Amino acid sequence: MSQKKLTIYFCGSMRGVNANHQNYQTIVQELSKYGEVLTTHVAYPEMSNKLEHKMNDKQIYERDYSWFTESQVMVAEVTAPSHGVGMELGWASLRQNYKTLCLSQKEKEFKTSGLIAGCPTFEYKEYQNQEDIVAIIAEFMKQLQ
């Protein structure tokens, strides 16, 4: 990727009970160093609730798909199972030359789907702590240059 500021689509479980918003916030903060994160609200439940309070499901879909089409890369936190994240990863898998990083905690309740961890167009990485998140994102972004 060139020196032009990246547009980044971040996704993670929002309605699920296992969302780790502290890790999401670390991810969004790190991604913000490399470009514009179109979906920062995912990391902040109070912001998300405020944004989506008056939106119906179709409006949420249309908004998110629009952000996806504007983005140049995707970073997905896939530790907690999520239908929405699966949908977003489906979009990413069908888009040519679209770089996608999937992050998952090493110690977790659920095993990541082989359709995500084994997808040849995704970079799948596991982390143990926030320092790992920072290092993985830095390496991913370095590869884009």
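All residue numbers here begin at 1 and follow the chain in the order shown.
Glycine is no exception: its Cβ is also placed from the backbone N, Cα and C atoms.
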What does Swiss-Prot list, out of E70, E88, as binding the same substrate as Y9, F10, C11, G12, S13, M14, R15, Y24, H41, S113, G114, L115? E88
Relative to the Cβ of Y9 (substrate binding site), which residues of the same chain, six or more apart in sequence, are found under 8 Å away? L38, T39, W67, F68, S71, V73, M74, V75, E88
